[in-house]
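Participant: Got a structure for you, questions after.
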Amino acid sequence: MWSTGPNIADGDVIIVWLTRDLIQPLTVEAGKDFNSRFGNYKHDDFIGTPYGSKVGARSGRGFIHLLRPTPELWTMALPHRTQILYHADISFITSWLNIKKGSKVIEAGTGSGSFSHSVIRSIGSTGHLWSYEFHEARETKAREEFARHGFSDIVTLTHRNVCKDGFTVADTVDALFLDIPAPWDAIEHAKLALRKDCITRICCFSPCIEQVLRTVTALNEHGFTDITMYETLQRPHDVARIPAPKSIAATTEKLKIAEVKREERRLQQIADNENRRQPKPKSPNKRKRADEEDDEGQEDGGKKAKTHKAEDTAELMLNGGEQTNEGSVSVSRVIPEVRGHTSYLTFATLMPIPPVRGPPAAEATPAETPDGGNAQTASGS
Ligand SMILES: C[S@@+](CC[C@H](N)C(=O)[O-])C[C@H]1O[C@@H](n2cnc3c(N)ncnc32)[C@H](O)[C@@H]1O
């Protein structure tokens with residue numbers, strides 16, 4: 001088991017948090033060094049340090065954080081041998097498969113063990129995980145990791161092609177998860193492995209919709225019901241500090257003042273136009289030009305009025321968010337570039353097989369054979 005003690009001990013697996021994007025696992029071994037671009041450290045300095053500590057480099061420049069492993073941190077830090085599942089999907093799958101303390105679960109393939117570590121925590125020591133991987137080197141690595149993390153009793157890891165050879169247990173598991181390229185080829189075997197005395201569930205993780213279609217067909221053919229596909233999309237938010245905006249009261253006051261000013265300008269323009277229309281002793285040519293000017297003026301006035309209005313609104317909008325001297329506030333902003341989905345999750349339910357009802361006890365007379373025995377004995381079963 002990952003350590004549950006308060007302090008880091010020799011031999012513990014820990015998570016070294018260097019930056020938000022640089023997190024790595026480390027097995028603490030007395031006498032060893034840990035070198036990074038954030039300084040050089042001695043494992044001896046880690047031993048006895050409380051989990052969660054910030055440790056400074058011996059040189060005095062740079063620091064790191066030493067954390068207790070959790071499935072979430074393990075997923076962020078693990079050495080990738082394959083594509084892995086992340087927590088948006090893991091938590092969704094775990095909850096929809098109803099994986100809980102004591103659950104018996106199958107997963108294939110094991111891959112880098114990201115999903116496995118979360119399942120192990122959910123099922124605890126009273127549950128069991130059967131994990132299958134047909135890539136030998138990956139299977140060996142996963143076996144070493146499960147042993148190092150103290151999970152060997154909870155996980156049975158098998159090197160096997162589940163599409164060809166099926167699973168090693170029958171009528172046993174509550175939930176089954178397939179993260180393989182051709183899950184439809186394993187559905188028949190999955191049905192054999194799932195319990196038949198209660199409702200059980202299956203989930204298949206596939207990146208393409210064509211794979212989903214084939215999986216759905218196979219699930220239907222093998223009597224699964226309640227087939228539903230979900231897509232999980234992550235929408236990360238960033239926290240930022242911005243200058244505190246003006247209060248609503250101050251903004252409303254500004255709006256009122258701007259309205260008054262706008263009305264004053266409008267009235268002024270009307271008065272100007274009236275003045276221009278008054279007949280003046282001018283030459284016809286000049287009048288014409290004056291008329292044209294009037295029209296232009298009118299047009300200009302209109303344009304100007306419009307421009308003023310637009311400027312006012314822009315100004316108000318800006319001033320609405322104007323800095324004040326009242327410090328800053330924290331806001332959450334959606335990161336504009338959201339990564340696409342990881343995969344489609346196809347869930348289905350397998351209903352229990354109802355027990356075969358025999359006739360009531362009083363009427364249960366075994367079928368007689370010609371020699372007076374009953375059918376069961378006669379057939380030798
Ligand atoms: C994407 S990875 C699984 C990642 C894993 N869910 C995780 O979170 O780390 C898929 C794995 O399935 C294995 N695999 C593919 N087809 C298989 C099969 N028919 N039987 C067993 N393993 C299979 C591959 O070797 C690969 O390691």
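Just so it is clear, glycine is given a Cβ too, placed from its N, Cα and C backbone atoms.
So TrEMBL lists these for the protein:
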- GLU133, ASP179: S-adenosyl-L-methionine binding site (BINDING)
- 268-277: compositional bias 'Basic and acidic residues' (COMPBIAS)
- 268-311: region 'Disordered' (REGION)
- 278-288: compositional bias 'Basic residues' (COMPBIAS)
- 300-311: compositional bias 'Basic and acidic residues' (COMPBIAS)
- 352-381: region 'Disordered' (REGION)
- 359-370: compositional bias 'Low complexity' (COMPBIAS)
Participant: Rank the binding-site residues GLU133, ASP179 by how many other Cβ atoms lie within 10 Å of each Cβ and give me the one with the fewest.
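Facilitator: With the binding-site residues GLU133, ASP179, fewest surrounding Cβ atoms within 10 Å: ASP179.
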Participant: Give the three-state DSSP assignment (helix, strand or coil) for GLU133 (S-adenosyl-L-methionine binding site).
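Facilitator: Going by the DSSP assignment, GLU133 (S-adenosyl-L-methionine binding site) falls within a strand, counted as strand.
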Participant: Quick one: DSSP breakdown of the compositional bias 'Basic and acidic residues' (268-277) into helix, strand and coil?
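Facilitator: So the compositional bias 'Basic and acidic residues' (268-277) is made up of 10 helix, 0 strand, 0 coil.
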